[in-house]
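Some features that TrEMBL has for this protein:
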{"type": "BINDING", "residues": "122, 123, 124, 138, 140, 146, 190", "note": "FAD binding site"}
{"type": "DOMAIN", "residues": "70-181", "note": "domain 'FAD-binding FR-type'"}
{"type": "REGION", "residues": "1-23", "note": "region 'Disordered'"}
C-alpha cells in the first residue's frame with residue numbers, strides 16, 4: 001500500500017501506536033497464533049485478496065475514535081481487486097501511522113459522485129479490521145447502481161470523500177450474549193464480518209454464532225470462501241447456513257433454498273432465550289419479513305412471532 005502522509009487532506013486521525021491501539025494489536029497477534037493449523041494452511045494457500053484471505057483479527061475500538069469525523073474528508077483509492085464477476089475489494093489509503101478506528105459493526109459514509117446535481121451518499125461497513133494505513137471495502141457492483149458503478153470506475157489515486165457520524169454506531173463488543181444468530185442478506189454480510197472479527201479473533205471469547213445467509217444464487221454469495229475458512233477454523237464457534245432464493249432448480253446446489261422463514265430458523269434451533277440475541281442486516285424486504293423496518297424500534301415480523309423481544313434483536 002503506498003504510504004500516505006498526514007496533510008491538510010487528512011484529519012489528524014487515530015494513531016496506530018497510541019496506548020489504546022497497542023493492546024489491540026497484541027490481542028490480534030495472539031489470536032493469529034492460536035488459530036487452528038488447518039486454517040493457517042488454508043490461508044497459506046489462499047488466493048483471496050486482502051483481508052478476505054486472513055484470519056479474524058480482534059481489533060475493537062470504542063466509539064468516538066474514528067479517523068473520520070462528521071465533516072467530509074478525502075482519501076485515495078489505493079487498489080481495486082476483482083473478487084467475483086460483480087464484487088470488488090477496494091483499498092483506501094490512510095496516513096501510514098493511522099488506523100481507521102471504527103467501532104465494531106459501525107459504518108462510514110462515502111460520497112460517490114453526483115446525480116442530477118446532488119451528491120450520491122452511501123453507507124459502507126469496512127471488511128478489514130482496523131489495520132494501519134488503510135481500510136478495505138467489499139463492494140457489490142450493480143449495473144444501475146449510481147454509487148457502485150461510480151466506485152467501480154474510480155481510478156487508483158483518485159480521492160473519495162468520507163465521514164462518520166455517531167448514528168452509524170448500532171452495537172458494541174462485547175455483545176452480552178453467549179449465542180448470536182446472524183440473519184443476513186446479500187451485502188448485509190459486512191457488519192457481520194466485523195462482529196466475527198471481534199468474536200473469533202478474541203481467544204478468550206466463547207460466543208457461539210449461527211449465521212443464516214440469504215443470497216439469490218451461488219454466484220451472488222459474498223465472502224463465501226472467507227466464511228468457509230472461518231467456520232472450518234472455529235467449528236464449535238461458527239456455523240454458516242447458506243440459503244439461496246433464485247438458484248436454478250437443475251444446478252448442483254444441495255443446500256437450503258428459499259428465504260429466511262420461521263420454519264427455516266426453527267429447523268436450525270433458533271429460539272428466544274436470555275442468552276441469545278439476533279443481528280439482522282439485509283435488503284428492506286428482509287427486514288420487513290423478519291423484524292420490521294430497519295428504522296422502527298418496534299419489533300414485528302417473524303422474530304416477534306417466535307417470541308423474541310425488541311431488546312434481543314439488533315437491526316443494522
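Using N, Cα and C of the backbone, Cβ positions are placed for all residues, glycine too.
Automatic prediction, not curation, is the source of TrEMBL annotations.
Locations of recorded TrEMBL features on the structure.
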| residue | record | Cβ contacts under 8 Å, 6 or more apart |
| --- | --- | --- |
| 122 | FAD binding site | 109, 110, 112, 147 |
| 123 | FAD binding site | 107, 108, 109, 110, 168 |
| 124 | FAD binding site | 107, 108, 109, 110, 137, 139, 190 |
| 138 | FAD binding site | 52, 83, 87, 88, 89, 90, 127, 187, 189, 190, 222, 223 |
| 140 | FAD binding site | 86, 87, 148, 186, 187, 222 |
| 146 | FAD binding site | 112, 113, 115, 120 |
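With a 10 A radius on its CB, residue 190 (FAD binding site) counts 23 other CB atoms from all the protein chains.
Per-residue pLDDT, averaged along the domain 'FAD-binding FR-type' (70-181), amounts to 96 for this model. Per DSSP, the domain 'FAD-binding FR-type' (70-181) is made up of 10 helix, 53 strand, 49 coil.
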